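Read through the structure below, which is laid out as structure tokens, and then see the notes.
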Amino acid sequence: MGSRHFEGIYDHVGHFGRFQRVLYFICAFQNISCGIHYLASVFMGVTPHHVCRPPGNVSQVVFHNHSNWSLEDTGALLSSGQKDYVTVQLQNGEIWELSRCSRNKRENTSSLGYEYTGSKKEFPCVDGYIYDQNTWKSTAVTQWNLVCDRKWLAMLIQPLFMFGVLLGSVTFGYFSDRLGRRVVLWATSSSMFLFGIAAAFAVDYYTFMAARFFLAMVASGYLVVGFVYVMEFIGMKSRTWASVHLHSFFAVGTLLVALTGYLVRTWWLYQMILSTVTVPFILCCWVLPETPFWLLSEGRYEEAQKIVDIMAKWNRASSCKLSELLSLDLQGPVSNSPTEVQKHNLSYLFYNWSITKRTLTVWLIWFTGSLGFYSFSLNSVNLGGNEYLNLFLLGVVEIPAYTFVCIAMDKVGRRTVLAYSLFCSALACGVVMVIPQKHYILGVVTAMVGKFAIGAAFGLIYLYTAELYPTIVRSLAVGSGSMVCRLASILAPFSVDLSSIWIFIPQLFVGTMALLSGVLTLKLPETLGKRLATTWEEAAKLESENESKSSKLLLTTNNSGLEKTEAITPRDSGLGE
């Protein structure tokens, strides 16, 4: 049974009626929780200013010859370099110089001045650290002293999470095809709550990382399966808008991270509160039906018919008999077309030199989109000003970006919108690098422009990739692009960590990649107004048609766009934030 025949059901019961809208917003609400967990480490993994803890009780503190400080307050005064230190006198008369990762004991106990040229002996920070608590009372870093020689453990918090995202998207996508969408939705959402709470109550670093890893797997699994679930209930006339705007709910999660981080400054309480966002979905997800698409593929025709009847009743429409509409063979499960069951490996994406260039360009765009998306978000704490407001604003601009994509891609074309979005992102990165840090407001505004542009590109690449390849490898093309995207999301935190070497390294990486991707995008064929390719010959013809640039205006743009969305079956689609 082809997707075109299945669309006949929606012609009877409605493409996006009341039934589909209720399901859509229930499932989209859980995307908010996924967005929360993807970016929770922006604040949970913050490394506050700190100094080594002295080996005894302090009687006096000196910093740059000013002595009216408490030791807890001086941490915020240290520069990012290692040369600054705090001089303290202990109650036993010893004088120590405390820096970020070491401490020195002065041999001459009569000199408490900041400048000291006498002999001193260096000791490691075996007594722990004193952290600045003006911004955060505690973070995962302060909980387990992930600084200095243990700093690399803190750097793994977000990359390991993204590695879990990579595995989860593959694992749960497989399970949903075997066990059904409904079961996996319930299992992943329940597990998100359990692993989220487990991370908050972790007794050590390794338990915390394990809980976060499994949290990432189930969150990613939900995003993939939830996307397929809602797309299998929505008809072709609404599928493009509905699929793109699922990203908007993910962006709302970013807003909640910023708001919760501002209100709650203790990491485990922050994590617990964020984890409760998934509770409303857990309470109602058990009433969600299985999709008729999956039921039919399993030969469960009576159950599929019941769901279609319920859809028609909710939508106040007339139902239809699946056996007549789809000409079902009631003796066995619905079979796919030969091209759908035919297996293809990655080498098919390098069918010839033309397709090879197309594949490498598409992969680069996926990589750039993900790298830019997470670099802008994770780097919000380095923009200056209020870091919570920065992240909030960077999340807000995503929502109009997806609306812009939905409108612009059918007006001026996929390739044009994608290329100029990448160029705009590259330009924003370049402008941020030349803005003096004292003008941080201008820097934040420019970063918002960059996030808007990269969000638009990121939202468009899913559909554009599917339109560039023939049916026999379409799912493989989107899936491989999604995998490249997730590899970039693993590397993005390391790029942000390099800002300690030079604060603009993330912008340099993203800007360079976006500029290169934009140039190469202009070499791709335009797919607006063209039917989806079903063979390699038709896919290659896209390129020749692009070069010829026929002057004939395509009057059926909107209809053909709908046909493309129809032909991209939910099984071909994937969601990889």
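Just so it is clear, glycine is given a Cβ too, placed from its N, Cα and C backbone atoms.
Here's what Swiss-Prot has on this protein:
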COMPBIAS  551-560  compositional bias 'Low complexity'
CARBOHYD  Asn57  N-linked glycosylation site
CARBOHYD  Asn65  N-linked glycosylation site
CARBOHYD  Asn68  N-linked glycosylation site
CARBOHYD  Asn108  N-linked glycosylation site
CARBOHYD  Asn345  N-linked glycosylation site
CARBOHYD  Asn352  N-linked glycosylation site
CARBOHYD  Asn546  N-linked glycosylation site
CARBOHYD  Asn558  N-linked glycosylation site
REGION    543-577  region 'Disordered'
TRANSMEM  23-43  transmembrane segment
TRANSMEM  152-172  transmembrane segment
TRANSMEM  183-203  transmembrane segment
TRANSMEM  214-234  transmembrane segment
TRANSMEM  244-264  transmembrane segment
TRANSMEM  268-288  transmembrane segment
TRANSMEM  359-379  transmembrane segment
TRANSMEM  389-409  transmembrane segment
TRANSMEM  416-436  transmembrane segment
TRANSMEM  441-461  transmembrane segment
TRANSMEM  476-496  transmembrane segment
TRANSMEM  501-521  transmembrane segment
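Feature map: Swiss-Prot annotations on the structure.
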residue : record                      : Cβ neighbours (10 Å)
Asn57   : N-linked glycosylation site : 9
Asn108  : N-linked glycosylation site : 12
Asn352  : N-linked glycosylation site : 10
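Counting Cβ pairs closer than 8 Å and at least 6 residues apart in sequence, the transmembrane segment (214-234) and the transmembrane segment (152-172) reach three or more and so form a contact. If you measure from the Cα atom of Asn57 (N-linked glycosylation site) to that of Asn352 (N-linked glycosylation site), you get 73 Å. For the transmembrane segment (183-203), the partner stretch with the highest count of Cβ pairs under 8 angstroms, out of 244-264, 268-288, 416-436, 441-461, 476-496, is 268-288. Taking only the Cα positions, the spacing between Asn352 (N-linked glycosylation site) and Asn108 (N-linked glycosylation site) is 76 angstrom. The stretch with the most CB contacts under 8 Å to the transmembrane segment (476-496), chosen from 359-379, 389-409, 416-436, 441-461, is 359-379.
The stretch in 23-43, 359-379, 501-521 that contributes the largest number of Cβ pairs under 8 Å to the transmembrane segment (416-436) is 501-521. The transmembrane segment (23-43) makes contact with the transmembrane segment (359-379), as judged by at least three Cβ pairs under 8 Å among residues 6 or more apart in sequence. Long-range contacts of the transmembrane segment (389-409) within the same chain, counting only residues at least 6 positions beyond its ends with a Cβ under 8 Å from a Cβ of the stretch, are 39, 42, 240-241, 244-245, 247-248, 250-255, 257-259, 261, 376-377, 380-381, 383, 417, 444, 447-449, 451-453, 455-456, 459-460, 463, 528.
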